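Heads up: the structure comes next, in structure tokens.
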Amino acid sequence: NATFINNSPFSFHRSTTTTTTTTSLYQINFVKLHYIQQFSCSTLEFLFNLSLDQMSAICSRSSLNFRGKMAEILPLLNNHQDEADEELQQQQQLVSEKISSRRIASLDVFRGLSIFLMVLVDYAGSSLPVIAHSPWNGLHLADFVMPLFLFAAGISLAIVYKKIENKYEATRKAIVRAAELFLLGVFLQGGYLHGITSLTYGVDVERIRLLGILQRIAIGYIAAAVCEIWLSRQTCQKAAFFRNYIWHWCAVFFLSAIYIGLTYGLYVADWQFEDLNSFSSLMSENGSTIHTVKCSIRGDLGPACNAAGMIDRYVLGINHLYQKPVYRNLKECNISKGGQVPESSPSWCYAPFEPEGILSSLTASVACIIGLQYGHILTELQGHKDRLCNWSLMSILLLILGSLLALIGIPLNKSLYTISYLLVTSAASGITFCALYLLVDVYGWRRVAFVLEWMGKHSLSIFILVTSNLIVIAIQGFYWKSPANNIIYWIVSHIVQK
């Protein structure tokens with residue numbers, strides 16, 4: 001028995017293996033008894049010199065008794081064998097579920113890397129323009145932060161909704177979660193908090209910013225969650241993820257088609273806006289400056305006459321947009337070191353613009369759905385090699401397609417979240433996740449990235465502290481003799497402003 005158990009491929013399941021061994025030995029013993037019975041008949045014929053008819057009668061009765069006993073016992077053995085096989089399958093399924101439900105450390109490291117890059121570009125971007133957001137077209141380090149957040153949210157959704165018992169309850173929880181993120185984003189980035197230069201707070205509701213980083217993540221989250229909950233999975237081959245989730249990809253093409261149609265199909269007329277913060281010869285009676293932007297164009301992707309800005313101005317209102325758009329760093333605007341736009345600059349340099357606007361949220365949702373597909377590979381494949389191969393293949397395809405679109409004239413633009421930008425940054429997110437998965441989960445270099453893993457586990461808390469500047473304000477509260485003599489003021493005056 002010991003030899004049989006040690007040679008068994010399921011030797012780690014001792015109870016199941018012992019049962020299987022006992023059943024097999026019973027079957028072997030019955031075979032032996034059958035041969036013994038035949039040998040006994042031959043022995044009787046040799047010893048007692050019985051006649052052929054007598055010998056046949058005795059052996060026939062013996063054979064009938066043996067077969068009767070076998071008929072009674074074999075069904076019991078078969079039932080016992082079926083129970084053993086079922087128990088073995090259950091144990092294997094439990095082991096598989098335990099492995100698949102294990103927390104993926106590389107995902108936490110990936111989130112931590114996203115938070116670290118956000119902090120880096122927020123506080124060092126003013127002194128290092130090469131890592132700050134690109135003024136309009138092009139890619140800088142800061143332009144990869146938002147796609148990383150959306151990609152991580154998509155992977156997390158595949159893990160959370162791997163098994164859905166009640167679709168309506170799952171949808172309700174997803175809506176509540178998205179609403180919480182949206183409202184938190186309005187509080188943090190709506191203008192209620194005034195930053196490190198002022199300890200005051202409060203905002204005019206007529207000028208509150210409605211969209212932002214968390215709001216965009218919330219929109220992408222709910223779009224991907226609806227796809228995962230309500231768009232059924234096909235029953236094709238396990239590795240054919242494109243065919244298995246064909247309805248998810250239909251949603252991707254549908255949202256992309258709407259984005260392309262509105263971006264290139266909407267006619268943008270001339271528009272005007274009031275600027276309360278500048279003074280020029282165009283002063284109106286209420287003390288504000290009226291600017292006119294000449295457009296009368298369709299399909300323009302510039303900062304002045306794009307369809308995304310027009311939709312935000314009509315739907316949200318120009319007073320609820322981001323008041324310091326990044327395109328003011330373009331050479332045309334000729335912005336000063338103090339952040340002032342000279343009167344000689346084009347009129348659109350004074351205009352607000354929402355980089356997390358309504359139209360660009362369509363392609364941002366697509367980025368989250370693409371991350372969801374990477375999550376499907378993570379939850380449905382157990383082997384490291386299979387996961388890495390599928391992730392790498394998808395990333396390479398996205399990168400090639402995005403590069404081709406950029407070459408034919410669709411610019412890489414974060415503010416508009418163009419299709420080429422969507423594909424290239426999603427590919428970069430996938431490649432980054434592959435590298436972290438290989439280092440952390442395959443090679444086991446978890447201790448090297450423990451700081452990023454901790455930041456990933458507390459990503460939302462760190463985001464709140466950084467966005468609200470609570471840490472900076474707390475440090476700023478400690479000064480020497482005068483409130484101006486604090487380390488934050490010294491860093492801003494000697495490093496950032498220089």
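Heads up, the Cβ atoms here are built off N, Cα and C, so glycines get one too.
DSSP states for the domain 'Heparan-alpha-glucosaminide N-acetyltransferase catalytic' (103-227), grouped as helix (H, G, I), strand (E, B) and coil, give 78 helix, 3 strand, 44 coil. The domain 'Heparan-alpha-glucosaminide N-acetyltransferase catalytic' feature in TrEMBL is assigned to 103-227.
Residues annotated as transmembrane segment in TrEMBL: 109-132 (among others).
According to TrEMBL, the feature transmembrane segment maps to 144-162 (among others). For the transmembrane segment (144-162), the residues of the chain that approach it from at least six positions outside its boundaries are 100, 104, 107, 110-111, 113-114, 117-118, 121, 170, 213, 216-217, 220-221, 224-225, 228-229, 364, 367-376, 378-379, 414, 422, 425-426, 428-430, 432-433, judged by C-beta separation under 8 angstroms.
Within its own chain, the transmembrane segment (174-193) is flanked in space by residues 201-204, 207-215, 217-219, 221-222, 225-226, 229, 464, 467-469, which lie at least six positions past its ends and keep a Cβ under 8 Å from the stretch. According to TrEMBL, the transmembrane segment annotation covers 174-193 (among others).
Residues or ranges marked as transmembrane segment in TrEMBL: 213-233 (among others).
According to TrEMBL, the transmembrane segment annotation covers 245-267 (among others).
The transmembrane segment annotation in TrEMBL covers 358-379 (among others).
Residues or ranges marked as transmembrane segment in TrEMBL: 391-412 (among others). Beyond the transmembrane segment (391-412), the same-chain residues lying 6 or more positions past its ends with a Cβ under 8 Å from any Cβ of the stretch are 137-139, 301, 370, 373-374, 377, 418-424, 426-428, 430-431, 433-434, 437.
For 418-440 (among others), the entry in TrEMBL reads transmembrane segment. Taking Cβ pairs closer than 8 Å, the transmembrane segment (418-440) reaches residues 104-107, 109-110, 113, 139, 143-144, 147-148, 151, 155, 256, 259-260, 301, 363-364, 366-367, 370-371, 374, 384, 387-388, 391-392, 394-396, 398-399, 401-403, 405-406, 410-412, 446, 448-449, 453 in its own chain, all 6 or more past its ends.
The feature transmembrane segment is assigned by TrEMBL to 460-480 (among others).
Across the residues of the domain 'Heparan-alpha-glucosaminide N-acetyltransferase catalytic' (103-227), the predicted structure has a mean pLDDT of 90.
Counting same-chain residues at least six beyond the ends of the transmembrane segment (460-480), those with a Cβ under 8 angstroms from any Cβ of the stretch are 115, 118-119, 122, 184, 188-189, 193, 195-196, 199, 213-214, 486-489.
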